[in-house]
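The structure appears right after this line, and notes come after that.
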């Protein structure tokens with residue numbers, strides 16, 4: 001392990017960063033200097049990842065931690081239907097933190113940035129003093145064509161409620177990482193653990209959706225807290241309720257196999273698991289088929305109708321047809 | 001002390017935030033949605049403040065900590081000649097951190113934001129797990145008219161080297177806070193401690209300077225590490241050197257009185273002290289008088305010529321006229 005001072009470390013981590021034509025000035029001055037088109041609005045989001053709270057070096061490699069830290073921010077840009085463009089990376093580093101792990105994290109950040117043509121344009125590195133935990137805080141900037149951003153607040157009664165991909169895989173992956181049973185690698189385990197450690201933000205899907213505009217795709221957000229909790233956010237913001245059909249929830253075979261093996265309810269993971277980073281969105285019913293076909297055709301990602309928007313309340317329809325209240329059991333990031 | 005969950009806490013801290021007409025959507029969705037003018041370029045900067053490293057609740061009030069955390073970012077926007085507009089606030093909170101202190105910090109953030117017409121448009125709150133330190137990470141976005149940003153890289157041989165305000169007050173203030181001698185409040189002490197705890201970012205001064213454009217104001221940055229270290233940044237970026245006249249450095253009577261009392265060299269604090277948050281900039285010599293008069297007339301802030309740009313090396317001219325190398329003794333934020 002080598003020790004660097006702050007400026008050497010920044011130089012080392014940011015050496016040869018990939019850039020973009022709209023970055024007039026990246027890392028190295030007081031601010032980044034950026035061009036955004038005149039027909040665009042700016043999107044800005046930030047999210048932090050704390051060692052021991054959001055990740056551990058026991059269950060993820062440094063590269064995976066870096067990738068995920070950026071991916072969760074990409075997911076927020078995706079959830080507005082935007083194009084991610086510029087990232088600022090803030091690191092707080094405990095004393096004697098492994099230089100090699102730090103470089104691995106930055107390698108993961110760069111990989112994920114390059115995958116989405118995002119330029120890392122600034123950041124900050126601070127020591128943690130007596131602190132014991134690595135902290136990554138990322139601000140991601142993107143753009144969206146004026147008038148096409150999809151907020152959480154536009155869902156209307158009668159809208160079709162849809163979700164990208166599948167639900168609950170990440171929760172299953174986290175469970176197996178926290179409770180290893182020594183059975184070694186097999187396909188289902190590898191799949192759900194990858195879904196937890198390196199979620200794929202639905203950026204392309206969000207862009208196809210926002211191209212239809214908010215009159216068709218009326219509300220959208222990404223599922224980070226769990227379907228139940230994030231659906232509640234959407235309902236509260238839109239002033240509506242929702243009905244979810246349990247048997248329509250998209251569950252993978254891999255997740256169900258893991259659930260059976262460890263004696264968990266797969267529906268529970270799908271409803272409340274968190275960290276899916278899928279998009280949850282509502283469509284005007286007369287346009288639903290067209291939009292769903294467009295997203296599937298252009299991205300290859302499955303879109304599933306899981307419910308509908310009702311005047312108020314949140315309820316779950318069991319496979320038997322009985323209706324029960326849908327309780328929120330979200331992950332609280334503070335406790 | 002009351003305990004809130006994440007969403008309650010966010011709601012409480014961000015209730016009734018001041019907004020601006022260019023904020024299409026602030027806190028509460030996946031991203032903030034922001035308008036920037038078509039003749040502008042975007043400025044983005046981030047900076048974190050860690051308890052025990054950058055501040056302590058023993059030497060600053062919560063409000064002061066909040067104000068300073070935003071001020072240091074405002075100073076970076078000022079150093080490009082920009083207009084600060086939007087802030088994202090990320091907090092990492094240790095278990096059992098005082099709710100009252102947290103609200104005080106947020107109050108300070110809001111005060112400083114309102115003072116500069118900055119809208120807080122997003123953020124994030126995370127628990128610190130076993131961590132013991134509060135961490136604030138702020139991303140600040142601003143704009144600058146296309147072509148008018150002042151970088152660190154344009155200084156030319158023969159340029160006049162100038163600084164706003166005074167140097168070394170903050171270092172004197174920090175010294176007295178770390179070594180209280182029980183003499184109680186007096187004017188000099190109050191002054192230097194305020195300069196340390198609540199630095200005033202030179203936003204207005206930066207804007208007057210950038211209006212002249214980079215052909216006149218050739219390079220600029222803010223002094224956070226100390227004059228010697230930040231001058232080195234400017235020289236390296238511009239590929240030049242600098243000569244500084246010790247007797248021209250703007251020292252306040254208050255700082256010199258404190259230095260005399262505690263047996264420190266005031267020149268040392270002015271050259272290497274750090275956290276001044278003054279602007280250091282270079283002017284084409286034929287325009288220097290006009291620019292300096294304009295800044296002083298429009299802002300009331302004193303501008304001092306402290307040296308000149310030379311082909312290479314950094315040297316200090318003592319009052320006796322002897323020349324010596326100007327050594328860099330910056331604060332390294334990692335050690």
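Note: Cβ is positioned from N, Cα and C throughout, glycine not excepted.
Its own atom aside, the Cβ of residue A:45 (Mg(2+) 4 binding site) has 29 Cβ atoms within 10 angstroms in the protein chains shown. In this structure, residue A:45 (Mg(2+) 4 binding site) is part of a beta strand by DSSP. According to TrEMBL, the Mg(2+) 4 binding site annotation covers A:30, A:45, A:76.
Long-range Cβ proximity for residue A:222 (Mg(2+) 3 binding site), meaning a same-chain Cβ under 8 A and a gap of 6 or more residues, is found for A:75, A:76, A:78, A:79, A:201, A:202, A:230, A:277, A:278, A:279, A:280. Secondary structure at residue A:222 (Mg(2+) 3 binding site), as computed by DSSP, is strand. For A:30, A:76, A:222, the entry in TrEMBL reads Mg(2+) 3 binding site.
For residue A:47 (Mg(2+) 1 binding site), other Cβ atoms within 10 Å of its Cβ number 26. Among the features that TrEMBL reports, Mg(2+) 1 binding site is placed at A:47, A:124.
Residues or ranges marked as Mg(2+) 2 binding site in TrEMBL: A:47, A:76. Cβ-based neighbour count (10 Å, all protein chains) for residue A:76 (Mg(2+) 4 binding site) stands at 27.
Annotation source TrEMBL lists substrate binding site at A:54, A:275, A:331. Sequence-distant neighbours of residue A:54 (substrate binding site) (same chain, 6+ residues apart, CB-CB distance under 8 A): A:48. In the three-state DSSP classification, residue A:54 (substrate binding site) falls within coil.
Marked as ATP binding site by TrEMBL: A:106, A:123, A:124, A:152, A:224. Packing around residue A:106 (ATP binding site) is summarised by its Cβ count: 23 other Cβ atoms lie within 10 angstroms of its Cβ, all protein chains included.
The Mg(2+) 5 binding site annotation in TrEMBL covers A:225. Neighbour count (other Cβ atoms within 10 Å of the Cβ, all protein chains): 25 for residue A:225 (Mg(2+) 5 binding site).
Annotation comment: TrEMBL describes A:28-144 as domain 'PurM-like N-terminal'.
In the predicted structure, the domain 'PurM-like C-terminal' (A:157-312) carries a mean pLDDT of 95. Annotation source TrEMBL lists domain 'PurM-like C-terminal' at A:157-312.
Long-range neighbours of residue A:124 (Mg(2+) 1 binding site) (same chain, six or more residues apart, CB within less than 8 Å of its CB): A:88, A:89, A:90, A:91.
The separation of residue A:123 (ATP binding site) from residue A:30 (Mg(2+) 4 binding site), Cα to Cα, is 10 Å. Around residue A:123 (ATP binding site), the same-chain residues at least 6 positions away in sequence with a Cβ under 8 Å from its Cβ are A:10, A:14, A:27, A:88, A:89, A:90, A:91. Proximity to chain B (Cβ-Cβ distance under 8 Å) holds for the following binding-site residues out of A:30, A:123, A:222, A:224: A:30, A:123, A:222. Summarising the ATP site geometry, the residues cited as binding it (A:106, A:123, A:124, A:152, A:224) extend over a maximum Cα to Cα distance of 32 Å.
Closest to residue A:275 (substrate binding site) in space, going by CA atoms and restricting to the binding-site residues A:45, A:47, A:152, is A:47. A separation of roughly 13 Å, to the nearest angstrom, links the Cα atoms of residue A:47 (Mg(2+) 1 binding site) and residue A:225 (Mg(2+) 5 binding site). With DSSP classes pooled into helix, strand and coil, the tally for the domain 'PurM-like N-terminal' (A:28-144) is 34 helix, 47 strand, 36 coil.
Between the alpha carbons (Cα) of residue A:152 (ATP binding site) and residue A:225 (Mg(2+) 5 binding site) lies a span of roughly 15 Å.
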